[in-house]
Amino acid sequence: MKTSTTPFILVFNNLSYSVSTFKEVTLSCMFCQKDTEVLSMSSKSKMLLNDISGEAREGEVLAILGPSGSGKTTLIDALAGRISKESLRGSVTMNGENMESGDLKVISAYVMQDDLLYPMLTVEETLMFSAEFRLPRTLSKSKKLARVQDVIDELGLRDAAKTIIGDEGQRGISGGERRRVSIGVDIIHDPVLLFLDEPTSGLDSSCAFMVARVLQRIALIFLSHGEIVYYGSSMMMNLSLFLSDFGRPIPENDERTEFMLDLCRELEGAVGGRKSIVAGNAKSPLKVSSQKMMKRPNSCLIYSSEYSNGSKHSFTLMLTTFVQHGASQKFANPFWDEIIVLVKRSLTNSKRKPELLLHKIGAVVVVASILASLFWNLDKTEVGVQERTGFFAFMVTTIFFGSSEVLAVFVQDRYIFMRETSYNAYRRSSYNIYRSIIVIPRLLILAFLLASITFWSIGLNGRFPSFLFYFLTIFVSLWAGDSLVILGYIVVVPLIGIFLLFSGFFIHRDRIPTYWIWFHYISIVKYPLQAMLLNEFDDPNVCLVEGVITQNKSCLLTGLDVVRKQDVTDLRKWSCLWITLALGIFYRILFYFALLFGSRNKRK
């Protein structure tokens, strides 16, 4: 795409984008005695971008300004390939070649408006993990670290390098520093194109001065209701001449971009005002022609601020092109490297907040202790058998309902995941496997605590082999519950309730209507509950209720009698354990496809 003498040029021509909206329409009721009206809805198309054209060249910063609702973010999404081809009209080319979405992800980066970062990582750790994702494994760790240090210096983050990011509950770096870290995360791999949405939010005047010293030329696009009202250099002469020709010269000592933004808002409120300046821009001979832009060696790192003192409008788009190409492959590293980095980052973030795990452990110990004290040393009577089955049903239900606590962690993870995968930091499959692995140590601890506190105190049947199976059943159930929650986190609570209803505890399998029997077999609650019942009762030598006839003792209720009474004879206990594990894996596979097709982060 580029030779040693040909600069990168991003050109966008005639971009138009509209969305369907609904408009309320009132219709008189023809069959009503009184004067009443009925509301109906009719579709209407709203134009967000209307015939937008422009270009950005290597070494150039292109900034889009405009009042709220003028289409700034829509335009940046269009240029960044975040609008589906079916909906966007016009073309976006790089050096004359059409930009496919996949190719664009390789050579570009998109800094979102929100700072989505792990709060307990330091600035240096955050950038280092990003470097491990985005830089190829052929680079040594020392070179990656050197790249991170360069970014820290160029973004002015040296004093904050060892400070954690922080959040609402933990003090960390300042808002302006957090914004610069977000930019650094996405430019660590030296992209050809850099898109930034509201990059100056939170930056102070000191940072603005640093930006002013870095930027050599600025080309501006002013938008109003999706149309260009000015496209050209922000240099005083060009903008002043344009506004003078339009009949609205810039008063002396007024800041030119502030004046232009105020003028846009004024014209939007006047009849025909906006159309007049749009027409004036189309006819203006002062449009910026293609010029030879400056060259910067290797990577060019830029962060931005408010354009002028007191301005409430920040740059919404910066396109910074670099001399170096980005990585030629879709992903910089193989998936196993991505999994290792994901796990390492998660552990680093988690170890700084051990109280989260301690709170969960405390909750499990409290619940297990209550169960142990309530069902303490159950006797071997018919009532005791009913209490044991009730305990197992409550235990399994608690396990699955308790899994919903992962939602808070997953919601935070979800937005970071969408930001990072939108530009191929790592594969969705790597994230899915990482999510499956990272929970195992925590679930092993929780499962062991639940099993060890309840097994002997309640007086469950069997020795260590039975305890081991009981522990494995709890662990596999916790893992399957985690898989279910991250897949269907919106409906997980009612779904677990329905699974319990069809598990066979409230109504036996042979009494479930045939049209509902399929739900019994897909119930994730059925299999661990049945595994625990079989582990406790499926033994012909267990006598639960003894009777006496003359001089001989007899057994009135055996373990096999309970198994038949509970109607759990269709599977063996190990089969139930493997099916529970298989269901967890099945939910993880569904979760992967949900990530694959449901996290495109692209407008339709």
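Every residue gets a Cβ built from N, Cα and C, even glycine.
Annotation source TrEMBL lists domain 'ABC transporter' at 33-271.
Here TrEMBL flags 357-378 (among others) as transmembrane segment.
Packing against the transmembrane segment (390-411) from elsewhere in the chain are residues 360, 367, 371, 375, 378, 439, 450, 454, 458, 474, 477-478, 481-482, 484-486, 489, 492-493, 496, 499-500, 503, 505, 524-525, 528-529, 532-533, 536: each is 6 or more residues past its ends and has a CB under 8 Å from a CB in it. According to TrEMBL, the transmembrane segment annotation covers 390-411 (among others).
The feature transmembrane segment is assigned by TrEMBL to 432-458 (among others). Sequence-distant contacts of the transmembrane segment (432-458), counting only residues of its own chain at least 6 positions beyond either end whose CB sits under 8 Å from a CB of the stretch, comprise 335, 338-339, 342-343, 346-347, 357, 360-361, 364-365, 367-369, 371-373, 375-378, 388, 391, 395, 399, 406, 466-467, 470-471, 474-475, 478-479, 482-483, 486, 588, 591-592, 595.
TrEMBL lists 464-480 (among others) with the feature transmembrane segment. Through the fold, the transmembrane segment (464-480) approaches residues 395-396, 399-400, 403, 439-440, 443-444, 446-448, 450-452, 455-456, 524, 528, 531-532, 535-536, 573, 576-577, 580-581, 583-584, 587 of its own chain, all at least 6 residues removed from its boundaries and within a Cβ separation under 8 Å.
Positions annotated as transmembrane segment by TrEMBL: 487-507 (among others). Nonlocal intrachain contacts for the transmembrane segment (487-507), taken as residues 6+ away from its ends with a CB within less than 8 angstroms of a stretch CB, comprise 389, 393, 396-397, 400-401, 403-404, 407, 410-411, 516, 519-520, 523-526, 529-530, 566-568, 587-588, 590-591, 594.
The transmembrane segment feature in TrEMBL is assigned to 577-598 (among others).
Summarising model confidence by region, the domain 'ABC transporter' (33-271) averages a pLDDT of 77.
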